[in-house]
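Taken from Swiss-Prot, the feature region 'Disordered' applies to 1-25, 132-196, 247-286. The feature Zn(2+) 2 binding site is assigned by Swiss-Prot to C94, C110, C114, C121. Feature annotation from Swiss-Prot assigns Zn(2+) 1 binding site to C94, C97, C105, C110. For 94-121, the entry in Swiss-Prot reads DNA-binding region. Feature annotation from Swiss-Prot assigns compositional bias 'Polar residues' to 175-184. Feature annotation from Swiss-Prot assigns motif 'Required for homo- and heterodimerization' to 231-234; the stated evidence is similarity to another entry.
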Amino acid sequence: MAGIFSLGGNNNNNGDEEEENQQQQKTNWVWYRSNANTNNINPSSSQQVWQIPPEQMLMHHHSHPQQQSLDLYPGHQIDVSDLATSSRSITISCRDCGNQAKKDCTHMRCRTCCKSRGFDCSTHVRSTWIPVARRRERQQQLHMSTSGGGGGSGSGGAGGGGSSIPKRHRDPTLPGTSSSSRLPSHSAGLEMGEASFPGEVSSDALFRCVKMSGVDDGGDGQYAYQTTVNIGGHLFKGILYDQGPESSYMSGGSGGSDHQSSSAGGGGGGHPFNPPVVTDGGGGVSSAMFVDPNSGGYYSSNMTTSVFMPPGTQFYQNPPRS
């Protein structure tokens, strides 16, 4: 049934007796529309007008106490008979806190308020949610209890605390580093494969002044000193960048030279492993940053086998061999 529309009218008279008589003799005409015959072409066949006695209307109202009526204007009402679907979307609020009440709570309260007041309700169910840490701990304890033999006895000490979770063993050394790549200050020497190098060396060396300029510098560069030494039968090359006046730059090494090696090539904007263009101090000819170690003016044969190198100096790892 789609709906019941009351079409009967109320005629108000001046006399009280006539009004009571008319109310007793009043009949209600109801317009009924059938939804089962919607496919019929004739519209009059799906619409009927019924007459409902007052006694049946009174019994209908008493049998449906939850039925609602909307007053459009005096004398005409719309009775909403299908409340089953509309009641599903209605939410009940808690009488204490105003939050949404539990659906099955007979006291119309939320779980917290209903439980705090001590009401006997079926919604007082303990939550089955377990934190992740406790679940992981239970799984580990179950795994240790199921593991047999020496595995169970060895892991029993770790799980004896209950709350302590065994962790992985962490390597104290950083990834990508090794003890052989760092030179400790207290070590007397460094051994790499078959070669053995001293921890500190001191000797005379020839430093050549060169002008360093990058590709994006636009011709502006800075002066640096380049040298090549022989230590332990191996050839080492390096460039010493200008670090500024001695008063503004505190040297970290024990040498008294005004020019120190840069740890990352920050002084000239270039890196020793990616050398920029080198220009000689006197001439304007640009050349690559490679010097022949066998030249008499640059490398002396009577040079001692050791030379002083302050800590932090970087060299070419693979120098060209003649």
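Each residue, glycine too, has its Cβ placed from N, Cα and C.
Overlay of Swiss-Prot annotations on the structure.
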{"residue": "C94", "record": "Zn(2+) 2 binding site", "contacts (Cβ under 8 Å, 6+ apart)": "Q100, A101, M108, R109, C110, C113"}
{"residue": "C97", "record": "Zn(2+) 1 binding site", "contacts (Cβ under 8 Å, 6+ apart)": "C110, T112, C113"}
{"residue": "C105", "record": "Zn(2+) 1 binding site", "contacts (Cβ under 8 Å, 6+ apart)": "R111, C114, C121, T123"}
Secondary structure content of the DNA-binding region (94-121), with strand meaning DSSP E or B: 6 helix, 1 strand, 21 coil
Candidates C114, C121: member of the binding-site residues with the richest Cβ shell (10 Å): C114
Secondary structure composition of the motif 'Required for homo- and heterodimerization' (231-234) [DSSP: H/G/I, E/B, coil]: 0 helix, 2 strand, 2 coil
C110 (Zn(2+) 2 binding site) CB neighbourhood, other CB atoms within 10 A: 22
